[in-house]
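Heads up, the thing below is written out as structure tokens.
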Amino acid sequence: MPFVMAIDQGTTSSRAILFRGDISIAASAQQEFPQHFPASGWVEHEPEDIWNSTLSTCRAAMEKAGARASDIAGIGITNQRETVVVWDRVSGQAIHRAIVWQDRRTADVCTRLKADGYEPMITDKTGLIVDPYFSGTKVAWLLDNVPGARGRAERGELMFGTIDCYLLWRLSGGTVHATDATNASRTLLFNIHTGEWDDELLKLLRVPRSMLPEVKDSSAHFGDSAYELFGGSIAIRGIAGDQQAATIGQACFTPGMIKSTYGTGCFALLNTGAKPVRSNNKLLTTIAYQLDGKRSYALEGSIFVAGSAVQWLRDGLGIIKHASETGPLADKSDSMQSVYLVPAFVGLGAPYWNPRVRGALFGMTRNTGPAELAHATLESVCYQTYDLWAAMRADWPDADAAPPVLRVDGGMTASDWTMQRLADLLDAPVDRPVIQETTALGAAYLAGLSAGVYPEPQKFADNWRLDRRFKPAMSAATRERKLAGWGRAVKGLLASDEGE
């Protein structure tokens, strides 16, 4: 039985997982790498750290499984989206550290684009809003701030890519410069309706077309790994951004299905099918996947801080040693206190989209302590998800056609406390799958589909298995009171920005 290898390149670590033909996991390896914060709101990675951690985890997973290159039918890549690398076409050397999706350095550029009236045109073409989150203004910043970069780019000497594209380039020995439609759709440079790079957007952001990769289906033969990397060539057969890969891994192939992934941030996607749906509630319209040249679209809500808020409790405040301690600590909180954390550590994402505000605690008293902070931190993830859920239900024209269910995945879903509170606040069932590695599974499925190892999407969906369903247990009065308190906290934070 052949293996399929998934590369899951994330914000804080790189992982490789070998899946069997029955989608069970044969072996995995993970390696963290450093984050760099050179200025307030700036987040960077060393491209070599990303590459070296990816390569070493692939080799480690293969060794654990006793797998040779000839035993692997294909590699699927999934990646932190929007993060950008620009490198020399000949040497392969990056001209600067990778600028990470969380980075806010281009906030002023985005403000000017909005003030000049460009946002409606950009949104019409890309489905995105103008925000530092996306790749386009990051590329422009690199070209304008790295000495000589713009001239080199205009002479065709530089290449641009999101992390999937950079890894593909490195894996292929510098022979393949390509990406897939899901990653391209996150750049502010790609027209999601035509499926092509858009000349008007490229001109606006002054990004030379020669820098851009070829855009392919999410399940396709992108190229082959260099022989010397794994002692034999392996076909690279699938690519998708991490949230789209999780949507696939959760088997959300039917329009109306919603998944939410909890990692560093939180990202919810609602499959809208073959037609893009324009949001009236500041959600993004994006490509969910592209198979056989046909695009499926999604509404997406992006939250910048979820699991990283728990890391803050551990690393910043030192009130826990392990993430697993957060739920039991939250259980000890004083029920008479109503403490709200709005974790806008790098601004607020959907549906508020304010890059300037910063995090705040509301409702603290003299008796507020570690338990209340843990409680507020976990609840903040649930409240933010509620905001996305409500916006999606309002935007989706067929929202009342089927009972709402949220499929969840990611590290935070191991917390029963958080998942139960999420179901309570949504007033809807929350389904946690047996296979938690849904992002990697989605990448593996795309590669396995191309290689003929895995079946067509609907047959794959039949193999999805439920671990636990969390059902709402909170009274309507309590739910409404808590949601109203959250609304006041967010309003107060946004008002602080308006007052500056």
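Along the chain as shown, the residues are counted starting at 1.
Cβ from N, Cα, C; glycine included.
Summarising the annotation, Swiss-Prot assigns ATP binding site to Thr11, Thr12, Ser13, Thr264, Gly307, Gln311, Gly411 and lists sequence analysis as the type of evidence. The number of other CB atoms found within 10 A of the CB of Gly411 (ATP binding site), across every protein chain shown, is 15.
According to its DSSP assignment, Arg15 (ADP binding site) is in a strand. Among the features that Swiss-Prot reports, ADP binding site is placed at Thr11, Arg15, Thr264, Gly307, Gly411.
Counting every protein chain shown, 27 other Cβ atoms lie within 10 Å of the Cβ of Arg81 (sn-glycerol 3-phosphate binding site). A coil conformation is recorded for Arg81 (sn-glycerol 3-phosphate binding site) in the three-state DSSP classification, outside any helix or strand. Under the heading sn-glycerol 3-phosphate binding site, Swiss-Prot lists Thr11, Arg81, Glu82, Tyr133, Asp242.
Residues near Glu82 (sn-glycerol 3-phosphate binding site) in space but far in sequence (CB under 8 A, at least 6 apart, same chain), listed by position: Trp101, Tyr133, Phe134, Ser135, Lys138, Thr162, Arg186, Thr187. The glycerol binding site annotation in Swiss-Prot covers Arg81, Glu82, Tyr133, Asp242, Gln243 and is backed by sequence analysis.
Cβ atoms within 8 Å of the centroid of the Cβ atoms of Thr11, Arg15, Thr264, Gly307, Gly411 (the ADP site) belong to the same-chain residues Gly10, Thr12, Ser13, Gly263, Gly410, site residues excluded. Using Arg81 (sn-glycerol 3-phosphate binding site) as the reference Cα, a 10 A cut-off selects Thr11 from the binding-site residues Thr11, Arg15, Gln311. Cα-Cα distance from Thr264 (ATP binding site) to Asp242 (sn-glycerol 3-phosphate binding site): 12 Å (rounded to the nearest whole number). Taking the C-alpha positions, the distance from Thr12 (ATP binding site) to Asp242 (sn-glycerol 3-phosphate binding site) comes to 13 Å.
Thr11 (ATP binding site) and Gln243 (glycerol binding site) have their C-alpha atoms 13 Å apart, to the nearest angstrom.
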